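Student: First the structure, then my questions, so here it is.
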Amino acid sequence: MNIDVWIKNITQLVTVQAHGKPKKGKEMQDVGIIQDGWIAVAGDRIVGIGSGEISADFQVGENTVIISGEGKTVTPGLIDPHTHLVHAGSRENELALKLKGVPYLEILKQGGGILSTVNATKKATMEELVAQSKKSLDRMLSYGVTTVEIKSGYGLELEAEIKQLEAIHRLQQQTPMDLVSTFMGAHAIPKEYKENPEEFIDLIIEEMLPAIKEKNLAEFCDVFCEEGVFSVDQTRRILEAARSLGFKNKIHADEIVPLGGAELAAELQTISAEHLMAASETGLKMMAESNVVPVALPGTSFNLATGKYADARKMIEYGLPVALATDYNPGSCPTENIQLIMSIGCLYLKMTPEEVISAVTINAAAAIDRTQEIGSIEVGKKADITIFDAPNLYYIPYHFGVNHVDTVLKSGKIVVEKGNVI
């Protein structure tokens, strides 16, 4: 077989082979390392992997792109399964307020917090929204991310939510990355509905969800299930309505108080449940039985400086397939750097480097229902490959705060070279 790309002499090839399934519990430690490895790519697919000399089955021709992996660590393309990337404006002024001890609710009363992002996003033109978001996507790509999930939720009304989701579709035409759209109109309750939140929930169910489905603008529906936002019963109503229309379910669950979001995720068998810092042991065990992927967002805990992180060790003990994501947003986690999240995962969630690699590849793929296509280096899978200028996988989270990416392939094409987006 003639091949288009040959990555040879790979010092450490981290395949994360999983046969189309997430890695649960102790399985996360097994990342399928091959020393002195090679990868053969034809078209947009991986057609061969091995160690030492390339198999005689593959023909390296004059048009084959040859990449040296000497001194490098090669992993599946990284996946960021939870972001709020499409938004306008920024909130750096809140850092000084936070340092002075001003509570978030007080910032909200002053017109800051999520409401300032909602207002900025509503005012922004489509062109402004796309231009700002494209910069963030390019940063993510430079850090080795080849697939990213993006939520709406800074509109909180039909027209503005549609604008965010349409921006995601425009961005897909401008990036080689795969973008996964999530409708999150239930991100907060608008101030005009504070006295009657049920009216807003009716609006989501009766108007927003059908309109977004008709335009085919989102694959997933997500709800912020939290005290003072959407109750368990309200969340159930929205997610069941979304599922009846064909949306897959996600849930922001038990971030601040143990409300029962993890239990609801298990009951509804959502694809994933995110945050989970306050999730009960019962809820986590139920999630394990229902094959729900927990998505930990340690960058948010780090930035909020609360000292409270999701209990990843307990999740792994219960046999859950832990995923990690940036939660990139302008308020609680303004970073596109998935490598930093990997370091925080090791240092604060006490995950091993192997577990962290599983969490940003195959388990992140499971959190967006993509394990058959991406998340591991296996024959037949999409050739999404990240090459790090690092001698082994341990070096990536160990040497934190810098970008270790040398080269990124997306669907078999080089899209980052020498650390720069092409």
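Cβ from N, Cα, C; glycine included.
Swiss-Prot lists HIS82, HIS84, HIS252, ASP327 with the feature Fe(3+) binding site. The Zn(2+) binding site annotation in Swiss-Prot covers HIS82, HIS84, HIS252, ASP327. The annotation 4-imidazolone-5-propanoate binding site is assigned in Swiss-Prot to ARG91, TYR154, HIS187, GLU255, SER332 on the grounds of sequence analysis. The feature N-formimidoyl-L-glutamate binding site is assigned by Swiss-Prot to TYR154, ASN329, GLY331.
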Student: Say you check the Cα of HIS187 (4-imidazolone-5-propanoate binding site) against those of the binding-site residues HIS82, HIS252, ASP327, ASN329, GLY331; which is nearest?
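Tutor: For HIS187 (4-imidazolone-5-propanoate binding site), the closest Cα among HIS82, HIS252, ASP327, ASN329, GLY331 is found at HIS252.
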Student: How many Å lie between the Cα of ASN329 (N-formimidoyl-L-glutamate binding site) and the Cα of HIS84 (Fe(3+) binding site)?
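Tutor: Cα-Cα, rounded: 5 Å.
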Student: Relative to the Cβ of ASP327 (Fe(3+) binding site), which residues of the same chain, six or more apart in sequence, are found under 8 Å away?
Tutor: HIS82, THR83, HIS84, GLU274, LEU297, GLY299, THR300, CYS333
Student: At the Cα level, what's the spacing in Å between GLY331 (N-formimidoyl-L-glutamate binding site) and HIS252 (Fe(3+) binding site), rounded?
Tutor: 16
Student: Are there residues of the same chain, six or more positions away from SER332 (4-imidazolone-5-propanoate binding site), whose CB falls under 8 angstroms from its CB, and which are they?
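Tutor: Set apart from SER332 (4-imidazolone-5-propanoate binding site) by at least 6 residues yet with Cβ under 8 Å, we have THR300, ASN303, LEU304.
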Student: Within 10 Å of each Cβ, count the other Cβ atoms, then let me know which of the binding-site residues HIS84, ARG91 comes out lowest.
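Tutor: ARG91, out of the binding-site residues HIS84, ARG91, has the fewest neighbouring Cβ atoms within 10 Å.
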Student: In whole Å, how far is HIS252 (Fe(3+) binding site) from ARG91 (4-imidazolone-5-propanoate binding site) when you measure between their Cα atoms?
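Tutor: Each residue's Cα considered, ARG91 (4-imidazolone-5-propanoate binding site) and HIS252 (Fe(3+) binding site) end up 22 Å apart.
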Student: Rank the binding-site residues HIS187, HIS252 by the number of other Cβ atoms within 10 Å of each Cβ, and give the residue at the low end.
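Tutor: Across HIS187, HIS252, these binding-site residues, the one with fewest Cβ atoms within 10 Å is HIS187.
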Student: Neighbours of the Zn(2+) site HIS82, HIS84, HIS252, ASP327: Cβ within 8 Å of the Cβ centroid, same chain, sequence order.
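Tutor: Counting only non-site residues, the set is THR83, LYS151, GLU274, HIS275, LEU297, THR300, ALA325, TYR328, ASN329, CYS333.
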Student: Between any two of TYR154, ASN329, GLY331, the residues recorded as binding N-formimidoyl-L-glutamate, what is the biggest Cα to Cα distance in Å?
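Tutor: 12 Å is the greatest Cα spacing among the residues binding N-formimidoyl-L-glutamate.
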Student: Neighbourhood of the N-formimidoyl-L-glutamate site (TYR154, ASN329, GLY331): other residues with Cβ within 8 Å of the Cβ centroid, in order?
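Tutor: Leaving out the recorded residues gives HIS84, HIS87, ARG91, ILE114, THR117, GLY153, PRO330, SER332.
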Student: Within a 10 Å radius around the Cβ, which one of these binding-site residues has the most neighbouring Cβ atoms: TYR154, GLU255, ASN329?
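Tutor: When each Cβ's neighbours within 10 Å are tallied, TYR154 leads.
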Student: Please give the maximum pairwise Cα distance, in Å and rounded to a whole number, for the 4-imidazolone-5-propanoate-binding set ARG91, TYR154, HIS187, GLU255, SER332.
Tutor: 21
Student: Could you say whether, by DSSP, HIS252 (Fe(3+) binding site) belongs to a helix, a strand or a coil region?
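Tutor: Its secondary structure by DSSP: strand.
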